[in-house]
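Reviewing the structure listed below.
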């Protein structure tokens, strides 16, 4: 478990892959640079995960690639290792660009690339909104081999000509279903238009609905596909329950009762709107519960410090919108509560994947009003899973 991947679940995964995809059982079989191999082993990996053993070689060959597997299976390292293999660190120009839907995820990817590339003298910059634009300009003018960023700030830096694109050979879209959603789609096309015509495109996500896959035809050429079968997508090791609360106004008392019953290492509570996050945070504090909260309208400095406190365990309960559901890795989270069921069924798996990271036990509890029953059934059907009513002994499951 040093590498943080649940190997038992990983070995059982079934893939729908393109016929040319072969499995590389070890990192040595991938013919990676010696300095990169050192970084991989120092990072804690001993052997590749299922998705890594299939996708890395294809990406390193220069093929456009679509890789889909659930949270905690090593997707970030899949494209990070591939990027580090194909860049030339002697050339101090941007050669790979990774786009993510949230600032926190872009920063996390930067730290993974820096750690894996520890012996390669790699320069990687997180180019994200809400931060000092002067720092971006200084770093980009100095020259960065890899840029990990959010679409808006990256597009801005390209337009201002501080992010030079002529040497870029790979574009990675992480959490691609979110990036190709209405909110980001135009910004992604904006960035894509500035890239050299031969740029390789890698699309990565835990969920890839058919309409998103269809959209990739606009900017991918004959992509290799490494896709986990959908009925394997709900996460092993996470027990999923619902509590029937009937009315919206009963949710708060239910949450307080739960809080009194459970010993929580760390928990994330998801609400659907920023307003609800603020309201619930105030209500919990009035009731003398210690909680922190985060949503997309907060200044970046505040978001960073809340994330740091939560990672270090200084705060135990975080109330958030879906800004936190995507790819953020905090290993101690044992409980996720969907105070509101997600309006988008793809987000369900991203949310519950925050608990039980990397094969640890986790519990997901869904608050379900009488209006929500249909949404819950839709989630069960979509993921071929069963969500049972919460048992009385839920505290034992978290201990």
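Glycine residues also receive a Cβ, built from the backbone N, Cα and C atoms like all the rest.
According to Swiss-Prot, the protein carries these features:
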BINDING   69, 70, 71, 72, 73, 74, 75, 76  ATP binding site
DOMAIN    56-226  domain 'Helicase ATP-binding'
DOMAIN    237-398  domain 'Helicase C-terminal'
MOTIF     25-53  motif 'Q motif'
MOTIF     174-177  motif 'DEAD box'
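Secondary structure of the motif 'DEAD box' (174-177) per DSSP (helix as H, G, I; strand as E, B; remaining residues coil): 2 helix, 1 strand, 1 coil.
The residues of the motif 'Q motif' (25-53), classed with DSSP into helix (H, G, I), strand (E, B) and coil, number 17 helix, 0 strand, 12 coil. Secondary structure at residue 76 (ATP binding site), as computed by DSSP, is helix.
In the predicted structure, the domain 'Helicase ATP-binding' (56-226) carries a mean pLDDT of 92.
Take the CB of residue 69 (ATP binding site) and look out to 10 A: across all protein chains shown you find 26 other CB atoms. The least crowded of the binding-site residues 72, 74, judged by other CB atoms within 10 A of its own CB, is 74.
Counting Cβ atoms from all protein chains shown, residue 73 (ATP binding site) has 26 others lying within 10 Å of its own Cβ.
Within 10 Å of the C-beta atom of residue 76 (ATP binding site) sit 22 other C-beta atoms, taking all shown protein chains into account.
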